[in-house]
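TrEMBL annotations:
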ACT_SITE  Glu217  active site, proton donor
ACT_SITE  Asp345  active site
ACT_SITE  Glu453  active site, proton donor
ACT_SITE  Glu480  active site
BINDING   Thr569  Ca(2+) binding site
DISULFID  Cys410-Cys439  disulfide bond
Amino acid sequence: MPGWFFVDAVLITDDGMPAALPTPPSVEANYNPHDRVDVVPTQQSRPILRRPHPVQFRGQSADLNASIGANDGAVLAASNDEGNTYLIDTIETSATPDESVEIANAIDIAPLSPWSNTSDSTRHATLLNDTAMQTDVVAAMEWAWKGYRTYAFGHDWLNVVTMADQGEGHDMALSLVDSLDTLFLLGLLDEFNEAADWAEANMPARHTQPGRVSLFETTIRNLGGYLSAYHLSGRPKLLALAKDLGTRLCRGLDKSALPQSLVSLVDGSTSDASYLAEFTTIQLEFKYLSTLTGDSTYANAVETIMNKVARIVDATYPNGILPVIADSYSGRLQHGQIKLGAGGDSYYEYLLKQWLLSGKTDSKYKAMYETAVTGIMDKLAGRTKKSGWVFLGELEVNGDLTPKMDHLVCFMPGMLALGYMHGMPSSHLDLAKALGRTCFEMYNQMASNLAPEIAYFNTVDDSNDIQVHASDAFNILRPETVESLMVLYRVTRDETYREWGKVIFRAFEQHCRLPQGGYSSVNHVDSPAPSKFFRREMESFFMAETLKYFYLLFSDESVVPLDQFVFNTEAHPFPIQWRT
């Protein structure tokens, strides 16, 4: 594999020459994302919503006690506890002008951006709603919820094989709590209120079950779900649930030098070794809980953890990228593989987002994030031999880069683009665009138009850029690529990202939709007809994240604006705490 590195925004090979990446055709230039395979068309559009248009935020939103009117398109209003009124109607907002990417020494040098030459006709100064696609996404959410509500309501998951409920030991109604804010944002208010009523009546008992729960999953799904649903709806019992659960989880944070993976909600006892991402991806939730309750206990507990991690970085990992396995008792990270997939991914995401949630006042996290991204560019980035597609591999202990990328890593384009939107260097956006192209190709190169769980990248010869092992050729409805397409679209205003999103959405509809309700994971994505039921459960993140991000991709930028909200790693939006 030829060596290469970044000089500002330009990819340089080890012979000193700039490495040009291919520019895909623009939408205007007869670019048809459906050329390679037949894709089932979307259903006939119906009226966009059978209920009022979902909330569209204005300005610095506070917790809204919303009174939703009955007429779609009417100007609606909500007031917070201070009496300030915020519009929540469907009026367009002006967007900031598109910013060109700065390329160092840009004389006859092809930029890293894979479509910087795209026709201006594919860009819009203001992002508009794609109401036809919004309609289809709402219908998909209704169908997924129908399966869950009919066969598994109040339990963790819908078992799509038996069409029955499925919970593993400690049933925390993950799918229900995780989906609350999606139901609200998509205007499915009857479904939201039914689910919220159930949660308020039944979840207190679930919080007192014996046994242990995952600290990470329970925080990002349940605690995050309560907090965002409270912010959107203003239902005080949801905040009470968040406070009760947060208090119970918080008891387990100081039982060892670094938190362990499992915690009892009854007595705070803990067990099992943990991964880096598990104890560094709970900070947004506990900090926002402190903001809402006025109790700093929660924020202080998770800040203590991050202070320990910061000391580890300073002492041992000055390039900012970390191994993923932790020794909870010694408080050290075990020397080993460094990767951005399972076990490590959201650590980097929460560095950026803790800075943003603080209203950009906590500069420690900005510095840690910038250092980490530089380390990622230097140590983990590679590109394929044939097409020059950029990927982020896994760094082995001996310093070799394995050209393997989990689908989970496809959160990176969105993270990098979000950072650029908030002032990070233009090279971050360049890498975001290049990775966004690669993540789309993980779908587009498969005969089903569905991405595998893991892809390997060919850095050796001119055969296929992407190679998939049979054991990795499954898709469980993950959200990361759709999330990144949404952020990239809002940051660049390039219609290509919506076109790519349509390809992925239609593939989910064609191959994963079940006749009784719900959606199934699939296997053999390299086949035009992948087989259903790879896993029994319809994962809660399909409704909590994947469908929410699809809806936001086809919405204008006033729907959960990225300069006013940050999403936790389970797609639950929290308002940025801007200081005035």
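Think of each number as a place in line: the chain as shown, counted from 1.
Here the Cβ of each residue, glycine as well, is placed from N, Cα and C on the backbone.
Note on proximity: of the recorded positions Asp345, Cys439, Glu453, the one nearest Thr569 (Ca(2+) binding site) is Asp345, by Cα distance. Rounded to a whole value, the Cα-Cα separation of Glu480 (active site) and Cys410 (disulfide bond) is 5 Å. The two recorded residues Cys410 (disulfide bond) and Glu453 (active site, proton donor) have their Cα atoms spaced 11 Å from each other. Around Asp345 (active site), the C-beta neighbours below 8 angstroms that are at least 6 residues distant in the chain are Ala277, Leu408, Val409, Phe411.
It is 11 Å from the Cα atom of Glu453 (active site, proton donor) to that of Cys439 (disulfide bond). Annotated pair Cys439 (disulfide bond) and Glu217 (active site, proton donor), C-alpha to C-alpha distance, rounded: 25 Å. The secondary structure of Cys439 (disulfide bond), as reduced to three states from DSSP, is helical.
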